[in-house]
Amino acid sequence: MSISSAPFQWEAGIGSGVRRNSTLICASTSAESVEEMVFEMVKAKELGADLVEARLDFLNDFHPTQHLPSLINNRPLPILITYRPIWEGGDYDGDESQRQDALRLAIELGSEFVDVELKVADEFYKSIGGKKAESVKIIVSSHNLESTPSVEEIGNLAARIQATGADVVKIATTALDITDCARLFQVLVHSQVPMIGIAMGEKGFISRILCAKFGGFLTFGSIEAGAISAPGQTTIKELLDLYNFRQIGVGTKVHGVIGNPIGHSKSPHLYNPAFKSVGFDGIYLPLLIDNVSDFLNTYSSPDFVGYSYTIPHKQNGLRCCDEVDPIAKAIGAISCMIKRPNDGRLIGYNFDYLGAIAAIEERLHLQDSNGRSISGCSPLYGKLFVVMGAGGAGKALAYGGKEKGARVVVANRTYAKAKELATKVGGEAITLSELESFHPEQGMILANTTSVGMKPKIDLTPIPKVWC
């Protein structure tokens, strides 16, 4: 994917950092009463939002002439009025003329932004007859709730929306794969008018963050976790504090953790603060990926520079490398991939075994107060080391245990995979079910590298009940 510099960029001081984009953060409200909506608007301002979207279709017992003046007159931020009909994915299922009357009233009352669906945009523009203050901007929107069309189709759609006279073009699609986001980025970066381009759903998450890099007019964030107006939204707090949204610019380097599932990963909470602390212009994202090769081929531009790998892609990632570090090759899986700056080649490494083994050794050193370790040897030396799982992480720990002189036993759901790994490290192979009759010994180390016990089912364990 080749993407040139994005429009609408600026440099402005924001606190102790530098604002590298002009993309606005719009707080989405999910309130069911006008009073609650006004409260949420105040909260949005406190959180740092630039504007707030008032979803009229979410309100119970809404009366435009009574409630719109209250909403607009009490706004602490610029406001976007949206009254989404059910045929465009919203909650309003009433008379269309009454819905448009409410939008016209919002314009008369001075709402900064009003959202009008493409399907009725021509009709709506005719009805207002040019009677709109310059300060009021109309966002003409299109929502595809099933898929993300081709780049050509999205471009043609953007042109159709622009032709209505829209001040801002909005295209929201549904991401069936993370590569769908790239199509929106390509249209965003070449748009000659302000444009909102978002891919909904978990696989479209990166579009809500990287729109700042590619020139998007705004992104949406929820006021509280779970209180979202569209699938895939994150919170305003995470946009600002975790992803450093204001500091994302054209030159920001993109990193991430590749996995499936990926929502459990803590890596963004480690890397993004680290990048910020040293002033590095980079971002680290959770990347929900089905096919590693497709992802790497799609996001091949120089700004996509490095990835961590987790379940189930540690071995898939290795197969996509141009070069592999000898240790990673011996393990048969990678934990990270770096794009070499001078030639763009993808280099794979495995640091799982270093981190995990070091943590185990540290714990054993603390426990072994009698100095029973053989001088110059790891505290793992000679100990029984049972590794549950024969995937990428299991391979790394089995390799690490072997290197430290442990007696390795690989337990896996399928015996063939356990045997294959055990043979490589000179260990023993058993199935997970055989752990029931496997007798642990004093000082044994047990490492769970399976997905059992991951979020959301954190109470599950592959460890036999007789051991607990």
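From the backbone N, Cα and C atoms, a Cβ is placed for every residue, glycine too.
TrEMBL labels come from automatic prediction, so no person has curated them.
The domain 'Shikimate dehydrogenase substrate binding N-terminal' annotation in TrEMBL covers 257-335. Per TrEMBL, domain 'Quinate/shikimate 5-dehydrogenase/glutamyl-tRNA reductase' is recorded for 380-451.
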The domain 'Quinate/shikimate 5-dehydrogenase/glutamyl-tRNA reductase' (380-451), counted residue by residue under DSSP: helix, strand, coil: 29 helix, 19 strand, 24 coil
Structural state census, the domain 'Shikimate dehydrogenase substrate binding N-terminal' (257-335) (DSSP three-state): 30 helix, 18 strand, 31 coil
Averaged pLDDT score, the domain 'Shikimate dehydrogenase substrate binding N-terminal' (257-335): 97
